[in-house]
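Notes follow the structure.
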Amino acid sequence: MKDTFREIKRTLSRFLSIFAIVALGVSFFAGVKATSPDMKLTADKYFDDYRLMDIKLLSTMGFNDDDIKAVERVPGIEGVLPTYSMDALVDVGEKELVIKVLGLPIDKMKGDDKSYINRVKLVEGRLPEKPGECVTERGKMLNPELSIGSKIKLSSGTDKDISESLKVNEYTIVGIVETPYYISFERGTSSIGSGKINSFIMVPQEDFKIPVYTDVFLTVKGARELFCYDDEYDKIVEPVKNALEDTGKARAQIRYDEIISEANAKLEESKKELSEGEEEQKSELAKAASRLESARKQIAKGEEELKNKENEFNKTIKEAEAKINDGYVKLQEGEKEYNQNLQLFIEKKRQAEKELPAAEQQLNNAQKELEAKEPEINQLKEYLAITPNLPEEERHAKEAIIKEYERQREELEKSRAVLEANKKDLSDAEAQLISLRKTLDASKTQLDNEKKTLEASKSKALKELAAARKKLDSSKWELQKGEEEYERQKRESDEKLADARRKIADGEKEISKLEKPKWYVLDRNMHMDFVDYEKAADRIDAIARVFPAFFFLVAALVCLTTMTRMVDEQRINIGTLKALGYGKLSIASKYLLYAMLASFGGSIFGVLAGFKVFPTVIFNAYGIIYTLPPVITNFNVFYAVISTAFAVLVTTAAAWAACYKELMVEPAILMRPKAPKLGKRIFLERINFLWTRFNFIQKVTARNIFRYKKRFFMTVLGIGGCTALLLSGFGLKDSIVSIVTKQFDELYQYDMIVSLKENTDLSDIKEIIDTFGNNSKISDYMFMKEQNIYAVYGNNEKSATLVIPESTERLKDFITLRVRTTGEKVSLTNEGVVLTEKLAKMLGVQKGDDIYIKEGDTKKTKVKIIGITENYVSHYVYMSPTLYESLYGEKVKFQQIAAKTIDTSEAFENKLSTDLLKNSKISSVSFTTGISKNFKDIIGSLNYVVLVLIVSAGVLAFVVLYNLTNINITERLREIATIKVLGFYDNEVSAYVYRENMVLTMMGMALGLLLGIFLHKFIVETAEIDYVMFGRNINILSYIYSSILTIFFSVIVNFVMYFRLTKIDMVESLKSVD
Amino acid sequence: MASYIELKDVKKIYRMGEVEIRAVDGVSFSIDKGEFVVVVGPSGAGKSTVLNILGGMDSPTSGQIIVDGKEISKYTSKQLAAYRRNDIGFVFQFYNLIQNLTALENVELAIQICKNPLEPKKVLELVGLKERMGNFPAQLSGGEQQRVAIARALAKNPKLLLCDEPTGALDYNTGKSILKLLQDTCRNMGMTVVVITHNSAIAPMADKVIKIKNGRVDGISINDNPISVERIEW
């Protein structure tokens, strides 16, 4: 025991190399093998945790509440989630994305409601809480233009308004989620926009306005506890599925009846509506007509009124004018009179002015006389007064004198008054004249004013009249318009009614044509993502079938060599122990323990590392196309035990076998150095002409190489194995990668497939396509029919697609039919069908055999195979239209168009697709670029897996080379020391050893390349999935890469070994005699 | 005139952890050209180490070794290799022939790298193996193998032929004939030959006998009249 540990310490590098090789082999084997189960396990856990539906129901007519109730009654169902989904368009930046809008049952999300199915995993942000909020996925939706908080506006992409299906059409992104419902990048196809769903959003379920549920998700009791990729799972889901199908049939009938009666009722209603509409139209029209009539009348009245008014106006004006004229005449007369008076007055005045001063003079004279007489009078008067008794006579005389005076005085007074009166008369006359003048002037002004007023009122009246006319005119025009409108409306309502009538007719027809609703009960096996992922895991499994085993084999081989070699070296030790009387077992136990320790330790390490590293690396590579939680790396007991057991067994058995051989020999012989292996002439020496051409060193090398057969084979096989692994790794990559270009560039000449709706008239389509053709977007096209069928040969039955081109001559322009190996063209004649290669292989048929083409369950048609064509993806059976007609007795109903476009850029294709899909007769458009891109994505991840294989093979190659070189050197220590003693320089010593190594490496490499071709073929054939054929080719470059890598490793190993060689101690090496 | 080979206070000390092992502890001697020298001493006395150092297979811890005026104790490993390939011929106790090569080829291998080698076939004839040239070592007896080893060493036409217990694995008569061969070579070709042996009985055949004990020179004696091997019995 102690001896074992000491031995390990002494030969640590050997121990470690066994350890490393075993660890590598085991980790690779166990790890790669465990990857597929781990992948499935991770998915299963994810599906369980987030309640991926077990069954999804779809119906051509949706589901109403009664349907849901019926579903809930089906036994074995755990949860039921009726929900909605629809496709919508979103403009993001310059791109128009097609997105799936899914309902999220907000009310069920709190707590652990078992009917909350297809749960979401919130990655960032929060879940929607109210209408107008949505969550989406990280990948495609969120980019520099969209983030949490962004608003998106949805549109329906059809002529229907989106508000018919959704309450809200603008959504704010509030969170990012992941869901088990969508684990791949594929979101399916749509009939709107580009035809390809880019992403999804989830909105509160209440936001939908669709009258019936579009989707129903179900979980099955007990299914969650099972591993969903197991048969057990299918077994538990199957009966529920069948029960649901029955329910579906029953419900479909009920729904059908309902819908029919509903439709009939609706039809009745619309009929009623129609008749009502007719009535309404009549009354409306009558009303409108009467309205028009009254308008007309009013206009006539208006016109008359206007005329009257005009007349009146004219009369009034005339009168007023006459009056004014009169006024003027009178004025003139007045003026004349005035002038006469004035003349008179002026004369009178002149006369008066002449007389007056004289009269005045007279008066004044008289006055003066009077005045002169006055004192005499006054004396008289006084005399009289004083002499009262004067004689009468005298008195009388005196008094007469006074009297005379008095009279004179009065007279004067009188004449003065007359004068004054005359004077006054004159001034009066003047004043009268002045006032007359004034009056005249005033009346003139008045007249003028009146005239002015008249003018004003005249123009005003004229204006009013004009306005009235205008108004009349406009109402006349309005009337005309009204009449036109009336005509139009009449026409329109007629049309509307006709339309309604037609609709009713259509509705009647539709009802008569109405098909029963159909339920689709889809389990997970019909869920793209689920199946895709399973296929991905299976692909890994397929690769893991052969590759790791071979890998492991190489590792085991090297372990075996190393162990054997080790025991050989220990001969003397064994001999000594045996001589000392130790039992066989106790002697062997040291080596067995050594082997066991190394291999078991390596295995444990390998198992632990392998189960962690390989599933993680490969899973992460798939992470590019699948959104899943981190991988669960399970400790796979089965593979752990198997690989460990095998590794330990091989190594220990090798040790035991080697020991046993030695132990059988007598100790005495063991004690002596093993009789040196006889030097032998090698067969090359017999080929004289070759041998003589070798120089001495070459001869030595050649002989050394072939001397130890075992070592030779071990080395060549070891290196060969690694090269083979490398080559098959690279080759696998080539095979996988080449599918895409071969299938989509070489075989498929077309760029686009347009699928038509059923019963579409081809001439219509031709027209549509031709418009694009004329726009030079589509350069060429051909009609095709594709039909799913089964190809049957004996008991073998494979599903395939039957392709019938419009014309066999033109087929070659769209699809290349050729023999893979020779490249020879295969022509499609009316004699029989052409099968794709993989299908033919799976069926086990050859050219000339007869197969059956089965449609549905019963219909079988026998056809002859006239050719087998190269094909990589899916299975096809090509048939000429003539043959189809003669076999099925009916014309081919073409439903696809294969077309070539002039551009393959994404923008161009999106545009073309959008334009095409606008047409109601086209149901879908797909481009080969899109398909090939998807394929490339999937294959891209497989590439990583292959890369893992290559790296692992590289590491193995390195370890193997190191180990073998190590053994080589240890074994020949003495020889090397000898030539060193002989005075070989370090580089010469190295060259001496390396020359052999290089030759062995080259031989191993050559063998490896040869072996690799077969291994590659084997792996490719086992790794292939049913519907894909990998390429069978290995690129020249891969040969070169594998060779270069092998040489590279060999050089590195030799470089490392160089230092070991220089360190070889001649004295020590030559001293020991073992 | 300085000696052809001169060792001055050569020491070889191995350190094994705490312990210091003085394998060679100050050895000094000189050898003249064309001398037949026998180094004798008990097992573990350090004779092989001295020989290895002299042959350029090992280097001394201290001290001077001068061969033909060159101080090889200061050589780099590459110079030592050159020294081995041009100046030294080695013969070992266990022959160390390359099993995979015939007798002739073993000789040829050695001369691949020599400046002025002897004709391999002639050398083999010389050592009496004319008939067995095409045989592999395993097909030869021990004595024959040793002859091949000597032929291989001689073919290089070295300045110095070093033999480490050449007779150790051989029976009496064969050993004798090998020694005879060596002695003849020395005499006939003027080769300087150093033979190590624990068998002091063969000392009389040497020109010079160096006795080594515990890593030191125990005594050097010169035989003015070395006797032929045939006359020595042990």
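For all residues, glycine too, the Cβ spot is worked out from N, Cα and C.
Owing to the predicted nature of the structure, the values given are computational and were not obtained by experimental measurement.
The coiled coil annotation in TrEMBL covers A:260-510.
The feature domain 'ABC3 transporter permease C-terminal' is assigned by TrEMBL to A:546-661 (among others). DSSP places the residues of the domain 'ABC3 transporter permease C-terminal' (A:546-661) in helix, strand and coil in these numbers: 97 helix, 0 strand, 19 coil.
Annotation comment: TrEMBL describes A:948-1065 (among others) as domain 'ABC3 transporter permease C-terminal'.
Under the heading transmembrane segment, TrEMBL lists A:12-32 (among others). Residues 540, 543-544, 547-549, 551-552, 554-556, 558-559, 562-563, 566, 594-595, 597-599, 601-603, 605-607, 609-615, 618, 636, 639-640, 642-644, 647, 651, 948-949, 952, 955-956, 959-960, 962-963, 966, 970 of the same chain lie 6+ residues outside the transmembrane segment (A:12-32) yet bring a C-beta within less than 8 angstroms of a C-beta in it.
Residues 14, 17-18, 21-22, 24-26, 28-29, 32-33, 35-36, 591, 595, 599, 643, 646-647, 650-651, 654-655, 658, 710-711, 714, 717-718, 721-722, 724-725, 728-729, 732, 945-946, 949, 952-953, 956, 959-960, 963-964, 967, 1015, 1018-1019, 1022-1025 of the same chain lie 6 or more positions beyond the ends of the transmembrane segment (A:542-563) yet place their CB under 8 Å from a CB of it. If you look up TrEMBL, you'll see A:542-563 (among others) marked as transmembrane segment.
Residues 1, 4, 7-8, 15, 18-32, 34-35, 38-39, 42, 184-185, 536, 540, 559, 563, 566, 631, 633-636, 639-640, 643-644, 647-648, 650-652, 654-656, 659, 937-938, 940-941, 943-945, 947-948 of the same chain sit 6 or more residues outside the transmembrane segment (A:592-625) yet have a Cβ under 8 Å from a Cβ within it. The transmembrane segment annotation in TrEMBL covers A:592-625 (among others).
Residues 18, 22, 25-26, 29-30, 33-34, 552, 555-556, 559-561, 563-564, 566-568, 574, 587-588, 591-592, 594-596, 598-600, 602-604, 606-607, 611 of the same chain, all 6+ positions outside the transmembrane segment (A:637-659), place their C-beta atoms under 8 angstroms from a C-beta of that stretch. The transmembrane segment annotation in TrEMBL covers A:637-659 (among others).
The annotation transmembrane segment is assigned in TrEMBL to A:712-732 (among others).
According to TrEMBL, the transmembrane segment annotation covers A:942-964 (among others).
For A:999-1019 (among others), the entry in TrEMBL reads transmembrane segment. Long-range Cβ contacts of the transmembrane segment (A:999-1019) within its own chain (Cβ-Cβ under 8 Å, at least 6 residues beyond either end) map to 543, 545-547, 550, 701, 705, 712, 715-728, 731-732, 735, 961, 1032, 1034, 1039, 1042-1043, 1046-1047, 1050.
The transmembrane segment annotation in TrEMBL covers A:1039-1061 (among others).
Cβ atoms under 8 Å from those of the transmembrane segment (A:712-732) belong to residues 543, 547, 550-551, 553-554, 557-558, 561, 705-706, 946, 949-950, 952-954, 956-957, 960-961, 963-964, 968, 1000-1001, 1003-1009, 1011-1013, 1015-1016, 1019-1020, 1023, 1030, 1033-1035, 1037-1039, 1041-1043, 1045-1046, 1049-1050 of the same chain, restricted to positions at least 6 beyond its ends. Over the domain 'ABC3 transporter permease C-terminal' (A:546-661), the average per-residue pLDDT in this prediction is 80.
Under DSSP, residues within the domain 'ABC3 transporter permease C-terminal' (A:948-1065) fall into helix, strand and coil as 99 helix, 1 strand, 18 coil.
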